[in-house]
Amino acid sequence: MMPENSSVTEFILAGLTNQPQLQMPLFFLFLGFYVVTVAGNLGLITLIGLNCNLHTPMYFFLYNLSFIDFCYSTVITPKMLMSFVSKKNIISYAGCMTQLFFFLFFVISESFVLSAMAYDRYVAICNPLVYTATISPQACLLLLLGVYVMGFAGAMAHTACMVRLTFCANRLVDHYMCDILPLLERSCTSTYVNELVVFVIVGIDIGVPTVTIFISYALILSSILRIRSTEGRSKAFSTCSSHVIAVSLFFGSGAFMYLKPPYLLPMNQGKVSSLFYTIVVPMLNPLIYSLRNKDVKAALKKTLSRKSLS
């Protein structure tokens, strides 16, 4: 992965802050976040796998969302934690490009799996009579294949454009991970193509899921308002509320980071914005879906009671 025209064999990640007194408190804070993220997502994966009543399309997509959250948090957080305890947080060129690829693969996949979940809720609420036929196991697998194909295509396009650049003597990347925008700042050749690819691909990866989700929830809202019983409306709203919260957090922070011109968003503020979709969102998603979901809470009680009896 090392291009012949680059003199850089490694990068130095600046980390989240350069203030020594904040290093250890932040290390333990983000270590705690990571432990909660791993426990929450692996716990939700295990819970869905063990309970037959959760083997439905909705929880199939939630299973994959938890898997994606666990993976891309693991791609980012351990290296970030090293920046708090090491004097020089060095990452090789190949390691940097690998981290960039897998981060982009999982984060793009998450945006499309969230849109697949919105489509699933639309069919369940607006067309319940054809739900089983429309969201069949085959349809779920095809949707999931599309999710990962889009993730792979986006990650490959960004990484291939990054590899073609020449990086000069200044190896310091002003970030806690190998992300697109801070790496472009270290290039000593034209980044016009890269910036164009960022706006086009990020526009697609945020725009297409956002439009899908917006249309799905507009139709869902219209359908809910036609429900006469208060209990029916409440059940429909509770079914969708967790997903709406997760979507708002993820797409809001992602769009704020990538779709604003750099002069409107200094890199220090960009790092704070990145924290939301790389650290906070993967931690909150299992909490949002478990604490606000009656089926998940019932399955958890059933699993715990089964273990206590055994």
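The count begins at 1 with the first shown residue.
Positions of Cβ are set from backbone N, Cα and C atoms, glycine also.
Checking the ranges 109-137, 196-224 against TrEMBL, the transmembrane segment annotation falls on 196-224.
Checking TrEMBL for transmembrane segment across the ranges 26-48, 164-186 points to 26-48. Here the transmembrane segment (274-291) has Cβ contacts under 8 Å with residues 16, 30, 33-34, 36-37, 40-41, 43-44, 62, 65-66, 69-70, 72-73, 76-77, 80, 103, 107, 175-177, 179, 242, 245-246, 249-250, 252-254, 257, 297, 300 of the same chain, all six or more residues outside its ends. Counting same-chain residues at least six beyond the ends of the transmembrane segment (26-48), those with a Cβ under 8 angstroms from any Cβ of the stretch are 16-17, 54-55, 59, 62-63, 66-67, 69-70, 73-74, 77-78, 80-81, 84-85, 279-280, 282-283, 285-287, 289-290, 296, 299-300, 303.
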